[in-house]
């Protein structure tokens, strides 16, 4: 992504810091949305790096078959390798941005506050794995459909923007009114973000039922994605 650029991988840091700063200004300072006592920049950074990883994997998976179309026509390899390679390669970006999060986290934690880590931080790798599984499943579904219906490539970006605002990235789940909680339960990404914040900040409203529903939906979407991809891959070359 950053090949032949002057700053190179430094853009990985800039993108996370700059977008989180904009969120802090717009949603924290101007809109005055509560962050449940968590420093505003750190709150938005925590949700932002998770969402950037998820949306990047979904977008990359959805476009992986078309971007590798030339190679597929010349060399045989398992088609599933294309979207999987996208997900794995993006984890370097997530690792760099997570390091930025930890640096900011340690600095602000040293300044004191009514927040801090809990023992649930040990479950952070499981949250990341679930997020990647969900992104992979969603991406496989979209990749299978995108090969035949190219307009979906345009809709993916728009759909992810809407999905982000339906996820507690720029606001805490505690701000969701009771009559809209059912929408929160239908969003499998939401409990992942809330659990991450709950683990590192000691806040969050993710219930056991919400977590179980999220995990169940993740498994369902991943299985559905693999099934659709397997059925559609026989016609990939002819369609592409």
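Here the Cβ of each residue, glycine as well, is placed from N, Cα and C on the backbone.
Automatic prediction, not curation, is the source of TrEMBL annotations.
Per TrEMBL, domain 'ABC transmembrane type-2' is recorded for 7-232.
The transmembrane segment annotation in TrEMBL covers 7-30 (among others). Here the transmembrane segment (7-30) has Cβ contacts under 8 Å with residues 40-41, 43-45, 48-49, 52, 93, 96-97, 100, 170-171 of the same chain, all six or more residues outside its ends.
What TrEMBL records for 50-71 (among others) is transmembrane segment.
The annotation transmembrane segment is assigned in TrEMBL to 92-113 (among others).
The transmembrane segment annotation in TrEMBL covers 119-142 (among others). Long-range contacts of the transmembrane segment (119-142) within its own chain (CB-CB distance under 8 A, at least 6 residues past either end) are made by residues 50, 53-54, 57-62, 64, 83-84, 86-87, 91, 94, 152, 156, 188-189, 192, 195-196, 198-200, 214-215, 217-219, 221-226, 228-229.
Among the features that TrEMBL reports, transmembrane segment is placed at 154-174 (among others).
With a threshold of 8 Å between CB atoms, the same-chain residues lying at least 6 positions outside the transmembrane segment (206-229) that come near it are 79-80, 83, 130, 133-134, 136-141, 143-145, 173, 184-185, 188-192, 194-195, 198. Annotated transmembrane segment per TrEMBL: 206-229 (among others), in sequence order.
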